[in-house]
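K.L.:
Structure in structure tokens, see below.
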Amino acid sequence: MDSIVTEVTYGLEIKKIKDITELPFPVRQDSPLTEVLPTDLKTKDNFVARDPDLLRLTGSHPFNSEPPLTKLYDSGFLTPVSLHFVRNHGPVPYVPDENILDWEVSIEGMVETPYKIKLSDIMEQFDIYSTPVTMVCAGNRRKEQNMVKKGAGFNWGAAGTSTSLWTGCMLGDVIGKARPSKRARFVWMEGADNPANGAYRTCIRLSWCMDPERCIMIAYQQNGEWLHPDHGKPLRVVIPGVIGGRSVKWLKKLVVSDRPSENWYHYFDNRVLPTMVTPEMAKSDDRWWKDERYAIYDLNLQTIICKPENQQVIKISEDEYEIAGFGYNGGGVRIGRIEVSLDKGKSWKLADIDYPEDRYREAGYFRLFGGLVNVCDRMSCLCWCFWKLKVPLSELARSKDILIRGMDERMMVQPRTMYWNVTSMLNNWWYRVAIIREGESLRFEHPVVANKPGGWMDRVKAEGGDILDNNWGEVDDTVKQAERRPHIDEDLEMMCNREKMDVVIKYSEFEAHKDSETEPWFAVKGQVFDGSSYLEDHPGGAQSILMVSGEDATDDFIAIHSSFAKKLLPSMHLGRLEEVSSVTKVKSVEQNVKREVLLDPRKWHKITLAEKEVISSDSRIFKFDLEHSEQLSGLPTGKHLFLRLKDSSGKYVMRAYTPKSSNSLRGRLEILIKVYFPNREYPNGGIMTNLIENLQVGNQIEVKGPVGEFEYVKCGHCSFNNKPYQMKHFVMISGGSGITPTYQVLQAIFSDPEDRTSVQLFFGNKKVDDILLREELDHIQEKYPEQFKVDYSLSDLDHLPENWSGVRGRLTFDILDTYVRGKKMGEYMLLVCGPPGMNGVVENWCNARKLDKQYVVYF
């Protein structure tokens, strides 16, 4: 460090200073968290301690979170590590403390001298700096865009930003040592995590790495402590002024290149596509994603209101109230002004801005946490600022809202209008807080709440307002507005025949179809439909329609059907039900009574989670107590049941499952479920499986059934579509969690000493760890080797165990031919439950071999 002034303004290390509050610049040193939360103990992150105050945005795993907005603001310039927002694409890599200094990074690609270096050597060989940097997720404020039109990403509120003191070396120094080629333009960065679509890799421009104004770091400490696992322990990249998605965590590799990264995450994440590109267009054409012009690097200008808080109530008086919040910008450009409007943007008031980063700049050179603080060497602004404005409460009482906007030193100003895009990223239209007068008090509404309903956007949307109109969808006589339309029910728009909307169906006529097996009429949202034309084609079988004949099926229908399914209903629409609001509905969930059998195909009943057994990183056995200890489930072998829960918005979500437990088990119901956690392709993950995953012991879930067209009786006797069969053999084709219905039949066969039905099972999975119930299946095969055979198949050929003796690859015609060779049609039946690709192979094989459909059951 001879080239840098070493006579620092503050000659003592920060740990030796008794009272850091006396320093003229912000400093904090956080004590590491130690307690792992119960939710995380059940995931691959079972070693990561986290703050329970963080708002989880994607369920329990992977962990994505932001702090409560007020708590973030009240923490001040430097955010506690425990409250720093988190964006993880998968499980956190486990790095023991004793291995931190041996962590190794490779530098390769278009360089003269590629090399590898350990963290201990980085600390010894390179100049070390401590720098305050604000990090921001590109999806910050995404939920506001999703309220207008659902995009591809999960919901973020306005608190997806945090600031820390990062300690490490400059990325440019590490790259410079390898002597990059003059033709090189980019640096690829790769982490050690392994999310759903492979290792996370992205890139930045090489010239930025070499620019001291950019101050791009490789950091190993945050606020004076080793990196927390969620934030990249033991080593990460920190890129100020750029979206957080470029600051790769758990850094393992740096590759110098002449082109941008070609990694999946670089292509399909962190892009702002043109606003006219719909989710369907983006999904069907990769060219949108691979256009580097749409890649996000620098942050855009953003200002947020934190005070008043959402739903805060203030009594009107003669006092003043201080409106306050924060702002940030990208590319190192300072925010030059922040303005507040109390009259819908007609006039603006200039807020006072505080730039805490400048206090480091003014202090000169000094050392913190073993690193030189040299903010004074640069002009760039890499941190957020804080603003405030005092206004009379009487003026707030005359206002309908508070608006905020910023302008940077380039005179770029925040837009009034939202720029909607598929990823809902970089949303920075004016932040608006609505003011609701309630007598002599004022209540304030922020746009949204990150992980639950709430805010003025929810209210406006429910009232039928247009969030994007000239008054944000609010009713205001002083502002010219388009005629306010009643709220349009999107479900009915898809489901109804406009010509039948005025046809009235008498309730007596509707009720006459109760229990009808030929003309099943059912009601959804007050409209009547005739399901008879779809009995044979319904994917869930005719029984799914017949069980709601003559009843209001609103909750169940909306909970389980996609938009595609809803668009099939106009041809079945008969009209609206007479005085549906005045009809007394039978209560759908009855009080627990001492009933011998739990299930009822027409009524929901509640069961209670008693235990959750973690089988693997994404598979669990949920064990539910029935209504009393002697009660049977009442589920025939081969059929399934419905489970339903309410999501965070209060809407029912319903899915069909087949229990793992035998139907002879009393007082308990065990269901094996594979949890589909959120990922890039499906940012919300499996909605129902994540709701079930978040259940706590003692929570209740609703159950109804049985449903399904197949039932196994005993000794080869079964029924399918109400027709009896006598089978000698079953060929079972299962994939992943689709093993559960076939396992039900297996249990019935091999628990009966008189049952000699033979079974051949093909069980396909991606990796060895994905194979469910393997111990149970192997036990049956060992005990009945002549009667039962199972072929395990793995499709991920790049990660096959060396000693793998099972099938390699996916299901083929040859495999199916082998299974039925020597068997006569009519003596065997196929039982199939797998993903669409696997089911498609079976269907094509059946067509090619002219196998009658009556012998093929798709669960």
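The chain as shown is numbered from 1 upward.
Backbone N, Cα and C atoms are what each Cβ position is placed from, and that goes for glycine too.
Residues or ranges marked as Mo-molybdopterin binding site by Swiss-Prot on the basis of experimental evidence: C137. The annotation heme binding site is assigned in Swiss-Prot to H538, H561 on the grounds of sequence analysis. For 655-658, 672-677, 687-689, S737, T740, the entry in Swiss-Prot reads FAD binding site, with the evidence type similarity to another entry. The NADP(+) binding site annotation in Swiss-Prot covers M829, L830, L831, V832, C833, G834, P835, P836, G837, M838, and the record cites similarity to another entry as its basis. Among the features that Swiss-Prot reports, domain 'Cytochrome b5 heme-binding' is placed at 502-578, with the record citing sequence analysis. The annotation domain 'FAD-binding FR-type' is assigned in Swiss-Prot to 602-713 on the grounds of sequence analysis.
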K.L.:
Please report how many Å separate the Cα atom of G837 (NADP(+) binding site) from that of Y657 (FAD binding site), as a whole number.
P.N.:
20
K.L.:
Given the model, what does the mean pLDDT over the domain 'Cytochrome b5 heme-binding' (502-578) come out as?
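P.N.:
Summing pLDDT over the domain 'Cytochrome b5 heme-binding' (502-578) and dividing by its length gives 84.
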K.L.:
If you run the three-state DSSP split on H561 (heme binding site), which class comes out?
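P.N.:
H561 (heme binding site) sits in coil per DSSP, no helix or strand.
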K.L.:
Once near-sequence residues are set aside, which residues in the chain of P835 (NADP(+) binding site), 6 or more away, have Cβ atoms under 8 Å from its Cβ?
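P.N.:
The list for P835 (NADP(+) binding site) reads G735, G736, G738, given in order along the sequence.
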K.L.:
So among the binding-site residues M829, L831, who's got the most Cβ atoms within 10 Å?
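P.N.:
When each Cβ's neighbours within 10 Å are tallied, L831 tops the list.
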K.L.:
Would you find the one among the binding-site residues L672, I687 whose Cβ has the most company, meaning other Cβ atoms within 10 Å?
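P.N.:
Its Cβ has the most other Cβ atoms within 10 Å: L672.
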K.L.:
Rounded to a whole number, how many Å is the Cα of M829 (NADP(+) binding site) away from the Cα of T740 (FAD binding site)?
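P.N.:
Roughly 17 Å, rounded to the nearest whole number.
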K.L.:
Return only the integer: C-alpha distance in Å from L831 (NADP(+) binding site) to I687 (FAD binding site).
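P.N.:
Checking the Cα atoms of L831 (NADP(+) binding site) and I687 (FAD binding site) gives a distance of 27 Å.
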K.L.:
Between the binding-site residues Y657, K674, I687, which lies closest to C833 (NADP(+) binding site), Cα to Cα?
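P.N.:
Smallest Cα separation from C833 (NADP(+) binding site) among Y657, K674, I687: Y657.
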K.L.:
So how many other Cβ atoms are close to C833 (NADP(+) binding site), meaning within 10 Å of its Cβ?
P.N.:
23
